[in-house]
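> For reference, the structure I am asking about is given below.
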Amino acid sequence: MVALPMVLVLLLVLSRGESELDAKIPSTGDATEWRNPHLSMLGSCQPAPSCQKCILSHPSCAWCKQLNFTASGEAEARRCARREELLARGCPLEELEEPRGQQEVLQDQPLSQGARGEGATQLAPQRVRVTLRPGEPQQLQVRFLRAEGYPVDLYYLMDLSYSMKDDLERVRQLGHALLVRLQEVTHSVRIGFGSFVDKTVLPFVSTVPSKLRHPCPTRLERCQSPFSFHHVLSLTGDAQAFEREVGRQSVSGNLDSPEGGFDAILQAALCQEQIGWRNVSRLLVFTSDDTFHTAGDGKLGGIFMPSDGHCHLDSNGLYSRSTEFDYPSVGQVAQALSAANIQPIFAVTSAALPVYQELSKLIPKSAVGELSEDSSNVVQLIMDAYNSLSSTVTLEHSSLPPGVHISYESQCEGPEKREGKAEDRGQCNHVRINQTVTFWVSLQATHCLPEPHLLRLRALGFSEELIVELHTLCDCNCSDTQPQAPHCSDGQGHLQCGVCSCAPGRLGRLCECSVAELSSPDLESGCRAPNGTGPLCSGKGHCQCGRCSCSGQSSGHLCECDDASCERHEGILCGGFGRCQCGVCHCHANRTGRACECSGDMDSCISPEGGLCSGHGRCKCNRCQCLDGYYGALCDQCPGCKTPCERHRDCAECGAFRTGPLATNCSTACAHTNVTLALAPILDDGWCKERTLDNQLFFFLVEDDARGTVVLRVRPQEKGADHTQAIVLGCVGGIVAVGLGLVLAYRLSVEIYDRREYSRFEKEQQQLNWKQDSNPLYKSAITTTINPRFQEADSPTL
């Protein structure tokens, strides 16, 4: 029978999404999602009608609970703003309500090695309470120490189909050697054994009675009846018991190429009590020489019920319901292994290796090794895989409640080096014994949780875990809460967070009027301009108890001011450097402009030699606005004016090299300059580039010191290159190249023409059709005469 590795690889790739979703630790509880339709995590802080809605609307929002904080006509929603804005508007710091998320470490035993790996503390802290404000992340520090000699449980799961006959002989002598090698890295190790073949129905196994009793090819061989999974030996530290039980095993047989290994893996992970797993590092060694059946294959044998994910071992250790349930999916296997904290090691032959390599990508913290044809290298393969798995630390979480997001940063090599963020897990590779690695776990909630949630973090393959108690901060803790407060019109409402909550039938900011007075003309007159007939509250609010309660960003006695109508700079109100009040930007210190777009600094306006804008302009927004006739960033240029380089060229040359037009009176003509030689590299375009009369190239930089003296930093002279020879040779070479090109082009065109004509001639020759014909004047010398009597004699007589 021929294996189908490529088909299985394709199936594995298609099931990747399923396994990645399924292979999470089971949830400890589900939380119901609750959302406030007024809230959004996007944008900046916006006004909100209450303290609770304010702190939920955006993580940057704060609430001012000071009494009478809002101005006349200003909505109470304006109490909700950024901390800086509220302080700028006069809210005392002690009156700010700005709850922040926090974390509290409840249990933090220090990391320790323990005695021979037993009792080691490898993960810290152990329990943390985290309170999340929606939209605000909280970061946890999780430390892991790789302890020496951590205990190990190893379960050897072997394919006993007939093709594994040679391997079984080798495994019968494996127990002692495997224990000895494992005891080199840990002082507490136990091993167990299980085997598998396939489901005992067609087309996987022959159901002919004689074949069910003896499925091997020849009668002389020792052979057992086929089975799905058989748990042979529970985990033990007795190597002789392992070798004795394995020695009693014999191979079996099946029909098709893939084996029923998934059934065996699932039962070994689910039946923890029967297998005898301890709460230590758990390894499952899976050996086979072929691929595996997966979910859906059972339908070929009339098995339609999906695997139920429960243990079904009978008293003899056999999987008793293998013919009732289909094979498990990759996702089910990955989830069961992850939930049981088991690390699988797939030891397979070269023919099946590509399939199991793809499978390993879908199962967290698994390893694959190539098994020799007779399993002679299985001990070394197990040791290599164990060392690889134990040196890889993978931090993973249980299922998250709706609305909570998590990300990881891994700090593997030191405090300065952090790996990139990952959404699903944190991982450090090649962790040495006694080395401590750190993970930064960031938690963020988008909305409130109806109840606390327990989140579990653990390092795969290790028994310890960190329990995180997740709470959400969804209300204000105002200390001024007062029922029937005197501030609210002598007890007509309750005071909470600086705002009156009126009793039934009462209205107004201070509950000062009743519902019956709501439409009184006298009250409405207070919401219009004197002798005005326009809409109440300028159409930007509603009239309540004779006062305007403005909506949105409007304010003022009649809501006449719009605090969102100020000019914007780069799309931001007041450029982000001021506060908009009644259509006018009130800029922060050192900012000017209608949209606070200008900085008060003038550094960019000071020229090296001419002061502010070279004396030919004024500085506005840290940029020079030049007078008529001048231009340039510093107003230092004009039509017909010399550039700074031209003005100072002669002084730079005579001061540095004692040459040039001013060489004889340099000290007098250049008294206002200070020339120095500079060996610094030329970093920008501010350097002047000039030549002396003898073609010497030099550079200099014009600067201005604090005393108003012009400083010229001159680089040493550089001999100008003579390009005459290069120009002449280039011209000659160009002419020659053009001539050769023309000749070659002509010859090429002639060649193409000749080839085309010759090809046409050959084609015409092939189409000639010479016909053979006779001369019409020619008469043959042969005459043929037919005897009619001869023809009658040949005819039969009737």
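A Cβ is built for glycine as well, from the same backbone N, Cα and C atoms used for every other residue.
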> Need one residue: from Asp166, Asp167, Asp198, Asp326, the one Swiss-Prot lists with Asn254, Asp256, Pro258, Glu259 for Ca(2+) 2.
Asp198
> Going by Swiss-Prot, which one of Cys574, Cys582 is joined to Cys585 by a disulfide bond?
Cys574
> Looking at Ca(2+) 1 binding as recorded in Swiss-Prot, which candidate out of Glu84, Glu370, Glu373 goes with Ser163, Asp166, Asp167, Asp289?
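Checking Glu84, Glu370, Glu373 against Swiss-Prot: the Ca(2+) 1 site match is Glu373.
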> I want to verify the bond table. Which candidate from Cys641, Cys666 sits on the other end of the disulfide that Swiss-Prot records for Cys654?
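It is Cys666, per the disulfide annotation in Swiss-Prot.
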> Of the listed cysteines Cys596, Cys598, Cys641, Cys645, which one does Swiss-Prot record as disulfide-linked to Cys621?
Cys598
> What residue among Cys641, Cys645, Cys731 is stated in Swiss-Prot to be the disulfide partner of Cys688?
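Between Cys688 and one of Cys641, Cys645, Cys731, Swiss-Prot records a disulfide, namely with Cys645.
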> Hey, which of the disulfide-bonded residues Cys448, Cys513, Cys585, Cys645 is the loneliest by Cβ count within 10 Å?
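Comparing Cβ neighbours within 10 Å for the disulfide-bonded residues Cys448, Cys513, Cys585, Cys645, Cys645 has the fewest.
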> Looking only at residues six or more beyond either end of the domain 'I-EGF 1' (478-512), which have a C-beta under 8 A from one in the stretch?
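Contacts of the domain 'I-EGF 1' (478-512) (Cβ under 8 Å, skipping residues fewer than 6 from its ends): 50-51, 63-67, 69-70, 76, 79, 95, 97, 518, 544-545, 547, 549.
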> If we check Cα distances from Cys216 (disulfide bond), which of the recorded positions Asn68, Cys488, Cys587, Cys688 wins as closest?
Cys587
> Between Cys545 (disulfide bond) and Cys488 (disulfide bond), how far is it from one CA atom to the other, in Å?
14
> Return the average pLDDT for the topological domain 'Extracellular' (20-723) as a whole number.
82
> Sort out the sequence-distant neighbours of Cys638 (disulfide bond) for me: same chain, 6+ apart, CB within less than 8 Å of its CB, listed by position.
His616, Gly629, Tyr630, Tyr631
> Highest Cβ count within 10 Å among the disulfide-bonded residues Cys216, Cys550, Cys598, Cys621, Cys626: which residue is it?
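Per the Cβ count, the most surrounded site is Cys550.
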